[in-house]
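Engineer: TrEMBL lists these features:
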DOMAIN    B:15-83  domain 'Transcription regulator PadR N-terminal'
Amino acid sequence: MTRREFMDELGSLLDELPDKERLDILADYTEHFLMGVKEGKSEHEIAEALGSPKALARELLAGYRIHEAESNASVGNMTRAIIATVSLGFFNLVFVLGPFMALIGVLIACFGVAVALLLAPVGMYAQYGFSAVSQERLLLLFGSMASIGLGGMMAVGLVGLTRWLYRLFLRYLQFNVQMIRGK
Amino acid sequence: MNVQFKKGVLELCVLVLTAGRDRYGYELVASISEKFHIAEGSVYPLLRRLTQEGFFTTYLMESQEGPPRKYYHLTEQGRQYMNDLVLEWRIFNRGVNQIIGEGLGYDKA
């Protein structure tokens, strides 16, 4: 593979990156080629030692996506980061997607409980509220307050927990990208 | 050699190499691949990440011959991180060596 071929392939594989990022990456490899040639190596040798542009592009894309999700937290960015990491290989499909699904499942269940606690008083009042005798009314009142309080605290806690898990999961993605490929 | 281990090692090498003076990419790749075989291209994604995390700053400098080079400068934060990694590595290395020594019976000789 000549320098031209290598750079063209890498460039087209990094098509989805913003221009600035892509050009910066390509400049690094161009510099590498020029230095190698200056040291008397052939373009083929250099390209060979660099590794396949496909593997490099996947790694660079995953790195970029993870960084994006880190500096700009959103469901979309996290999804893109996960997809990019999963595309690195079958290993990551199992070890990234699996834990992620489990985590999301648990979080959704917890949010469900919080919402149920917040909404429970509505049901209680709908069923007994306004016909109840005075003692039961008091019980209903305290019961509702407890339920709302608990649900509220849980919701606040869960929002914090979600943020923390978001960052933690990105670390985990990063960790999964980091396998040295030899030859 | 079939190299398939965590890039933590590569990260450690890159950080340590820049501890003494600023280096450019090709130089880093060359000093590492002289010691063990890697897909050389993957040093650059690593350098990008370490730069994004604030462990390196970069600058371009013209060279007498050849293209301008992008130099990597280890930041204070990077130096701290490197020290942590070196310590971890030493502990890990000593542990593995002890296990090898005991397993192969070197220490009984």
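The first residue you see is number 1, and the count goes up from there.
In case you wondered, yes, glycine gets a Cβ from its N, Cα and C as well.
Just so you know, TrEMBL annotations never went through curation; they're auto-generated.
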Engineer: Across the domain 'Transcription regulator PadR N-terminal' (B:15-83), what are the DSSP residue counts per state (helix, strand, coil)?
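Structural biologist: For that range the per-state counts are 36 helix, 14 strand, 19 coil.
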Engineer: Summarise the model confidence on the domain 'Transcription regulator PadR N-terminal' (B:15-83) as a single mean pLDDT, whole number.
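Structural biologist: Result for the domain 'Transcription regulator PadR N-terminal' (B:15-83): average pLDDT 92.
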